[in-house]
Amino acid sequence: MKRKALSILSSIILIAALLAGCSTNGNSGSTSQSGANGNKASNSTNNEGASGASFSGKIIIDPIGARHNNAFHEAIEVLRGMDKYKDVEISVLESTDDNIKTTPIKIAAGEQIDLIYNGNPLIQQSWADAGVIIPMDEQVKEKGLNIEETYGEYAKYAYSNEQAYGIPAGVTKWALYYNKSIFDKAGVDYPDPDVPMTWAEYRALAAKLTSGSGGDKVYGAIHLSWPMFWYGEAIMKLGGGEYFYNEEGLSNIEDPIFAHALQETYNMMYEAKSIPTYADIVTSKTEPQAFMNGKYGMFMQGTWLLNWAADKEQYPREWELGIAPMPVDEGTTPKNWGISGTFSMTPTTKNKTLALEIAVDVVRETAKLTSSEIYADQTVEQPNLFKSIADEIDDEQVTYEYLQKLFNNQETIFVSEKITGAKPTQYEELVKNEVELYFTQAQDLDKTISNIKERVDEMLQKGK
Amino acid sequence: MQIHRFKEHFAGYMFILPSLIGFTAFMLYPIIYSIFLSLMDWNMYQGFGGSTFVGLDNYLEVFKNEYFMGGLINNIKLLVFAVPILLMLALTLAHLLNSQVFGKGALRTVYFLPYITTITATAIVFAALFHEELGPVNGFLRSIGIENAPRWLGSVEWSLPTISIFWVWRNLGYCILIFLAGLQAISPSYYEAAEIDGASGIQKFFRITMPLVSPITFFLAVTMAIFSFSMFAEVKVMTEGGPGTSSYTIVYHIYKEAFERYDMGYASAASIIFFIIILAITTIQWLGQKKWVNY
């Protein structure tokens, strides 16, 4: 009898615990509710920077990828000194790259994170789909923020699912970096600093620069496992990551340029042997900083590489860095690819009006101070851009004037480097699975393309 | 009398209460909650209000999912090949270490070292050893005339076997230690009697050692089967499931669904199925042990 009573009691405890769990989630739902309520309350008391009134409360920012830019931290200090934020505690979390995984879990658990940095549109899209970040259209409208005017060509990165999800911030633009010493040893002329070479010329150059074998091998170039290293040529020709989709919204992978780009990359690995194989890069965990070890002739990379070039303590080198425009499919008009990161609000953002105000201000103030990374705000000058970083790098060609000309050239055609459209993360994963098989010689090119087409189309047409 | 019995029972329950609370909070409740989540299209950012009941849809999805099925096949391969190899190797080495071998204390430490070293560090060292061009393993193979040495982690055929080798190497020390404890508990009088009867070394191993350590072998067979099925860190660090999906495991798939796609309903359903599979394998092992385990 007692045993029965005990088992009933245990069951009641378990059910209570289960319901408590459900109600915890209910609470997290209500956290966002109370966030919304808190928002309204603060609106009524604080109302708006634009009207000159000040805010109050606490803002917690997880900068993740934005943390690398010192100007961001300096901008936070500027904000802390502003009158309108004198009653606001602006807190920046000690972030690492792992926060991409851990912060969404903290948010799900109800922890207050008011602003989070999305490093690229794929992250923004997957977080928007999952609910890690929330739309900000209402607050954008309330503030009267014209995203298109404020962020110009980067405004498109604010949107996912046709709603504003982020304030465009750090912009990546790429260039072809090269090791002058390897060019000198191979007796090859440096690339033209102003006129881009074609992809075919780039591959031929990589082959010429390749020498040695075993541990002494010098590769003409290095391609990481990042997918744009093979599909970059294709999207540059087609006009950006949007062209991974055809007019029906299905996979456009059967466009011959994708097969061409794949095959040429494969040839660099296995025929010219001018880049390490894909398997080598993956299994040896090669990081982009590997370029700084002096064993690779050329490396396509974003402006963040300038930080490593400037940091001669961590990346000591006896060779000079050279920079050239990205290779292009044809002609002499420079083309480049990249993306913009964004600051977004989360379901646990306490005061949405304040969060948006801070996001806009921090992007603007960072833009005024930034040196190594372009910021998306078009309403202010970026007078320091590349100034101090060029001085720190102290290489003959890497001057402030040249970096300005290379990265801020108005004639450059700028395309989005990521798959841009429906279910991009799933699309990218399927492409990765199939391309890996091709790059490790487990299947041929035709099979790779047809498998991607079949699997991606099926995924896109499927509800889930 | 009744009051006395009640007091006695109450005291007993009080003694087990801390562990009962721990078990309920950290084991039972998460399991029940996972079952609940597996029946929902769960939005972890909106909680119950933003989620919908989908019945067994998530379970059906799991069986249709190519990554799950691929992971299951890979897990079965690991179970069938890696676990027996690990146990045979561990028993053989434990037997040698239990006999008069020079420097056996140092050898025991050497074998145990990988087990207590950070998996990320050991995996990176292992990847370097098995590097296609520069690794000493392929260097040795080439030196003995094998021109087409395996591409190990970089090939579809060899990625899972390479991870298995790593897994065996890493767990070898632990299994040796457990086997050693079992071997040292065997009374020397059995061996002395066998020697008097003229038994050879092999006969002693198969007729005395094997039967008497069979409970240990059974324990390790069960735990290592579960460990092999739960393989995650090795895959995450060494291949991320690739090339293609050649080294995917079920737990790696569950991790990706839960923490990269935030599909907690599906991931919970996959976890429940994973639990049932392990339960089935363990049950088969329990039923089979009656035929070969001597207590």
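Here the Cβ of each residue, glycine as well, is placed from N, Cα and C on the backbone.
Per TrEMBL, the feature domain 'ABC transmembrane type-1' maps to B:72-285.
A Cβ distance under 8 Å defines the sequence-distant neighbours of the transmembrane segment (B:12-36), meaning residues of its chain 6+ beyond its ends; these are 268, 271-272, 275. Positions annotated as transmembrane segment by TrEMBL: B:12-36 (among others).
Sequence-remote contacts of a segment are chain residues at least 6 beyond its ends whose Cβ falls under 8 Å from one of its Cβ atoms, and for the transmembrane segment (B:78-97) they are 104, 107-108, 111, 160, 164, 167-168, 171-172, 175-176, 179-180, 183, 205, 209-210, 213, 217, 220-221, 224-225, 228-229, 231, 249, 281. The annotation transmembrane segment is assigned in TrEMBL to B:78-97 (among others).
Sequence annotations record features per position, and here TrEMBL assigns transmembrane segment to B:109-130 (among others).
Under the heading transmembrane segment, TrEMBL lists B:171-191 (among others). Under 8 Å from some Cβ of the transmembrane segment (B:171-191) lie the Cβ atoms of residues 86-87, 89-91, 93-95, 97-98, 108, 111-116, 204, 208-209, 212-213, 215-217, 219-220, 224, 227, all in the same chain and six or more residues away from its ends.
According to TrEMBL, the transmembrane segment annotation covers B:212-233 (among others). For the transmembrane segment (B:212-233), the list of distant contacts is 75, 78-79, 82-83, 86-87, 90-91, 119-120, 123, 163, 167, 171, 175, 178-179, 181-183, 186, 190, 249-252, 255, 274, 277-278, 281-282, 285-286, 289, 292-295: same-chain residues at least six beyond its ends, Cβ to Cβ under 8 Å.
As annotated by TrEMBL, transmembrane segment applies to B:266-287 (among others).
Same-chain neighbours of the transmembrane segment (B:109-130): 93, 97, 136-138, 152-153, 162, 166, 169-174, 176-177, 233-234, 237-238, counting only residues six or more beyond its ends whose CB sits under 8 Å from a CB of the stretch.
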